[in-house]
Amino acid sequence: PLNQNELNHGGSTVCADFHPNKRSVTIATKGDGTVNKNEFTFDRVFDVNTPQVEVYNEAAKPIIEAVMEGFNGTVFAYGQTGSGKTFTMQGPDIEDLEMQGIVPRMVRTVFNRIDNSNENIEFTVKVSMMEI
């Protein structure tokens, strides 16, 4: 979603069409008096109204399940400035459970699973995060 600064300056959303199957996006661009449409297909597409918990459940929870079975996992957010990467990964307010992003939810899930596991199992948790 648009942040407060974008709203204050009259920003509007990109001209994009999210298809009902939630797997593709059509972007309309203007040029020389014509409108060009490009369609992109993904594993899953989330629109700006998708709750944070749904994004987590669909995109990150399966990775955490695999990690807890001993596999490595990666969540990668890519996009232009202002496209919602930080909103999705961190959330706008870490104290608001409903608005928490993927990272705080993943951390909570991992450590809850560790706390509720067999006490004879030893866990090593390593995390790398970067923002460029």
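Cβ coordinates come from backbone N, Cα and C, glycine included.
Please treat TrEMBL annotations as automatic predictions, because they have not gone through curation.
TrEMBL annotations:
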DOMAIN    1-132  domain 'Kinesin motor'
BINDING   GLY79, GLN80, THR81, GLY82, SER83, GLY84, LYS85, THR86  ATP binding site
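Under DSSP, the residues of the domain 'Kinesin motor' (1-132) split into helix, strand and coil as follows: 43 helix, 19 strand, 70 coil.
Around the Cβ of LYS85 (ATP binding site), the same chain contributes ALA77, TYR78, GLY79, each under 8 angstroms and 6 or more positions distant in sequence.
Its Cβ placed at the centre, GLY79 (ATP binding site) has 9 other Cβ atoms within 10 Å. Across the residues of the domain 'Kinesin motor' (1-132), the predicted structure has a mean pLDDT of 87.
GLN80 (ATP binding site) counts 8 other C-beta atoms within 10 Å of its own C-beta, drawing on all protein chains shown. The least crowded of the binding-site residues THR81, SER83, THR86, judged by other CB atoms within 10 A of its own CB, is THR81. Between the candidate binding-site residues, GLY82, GLY84, the densest Cβ environment within 10 Å is the one around GLY84.
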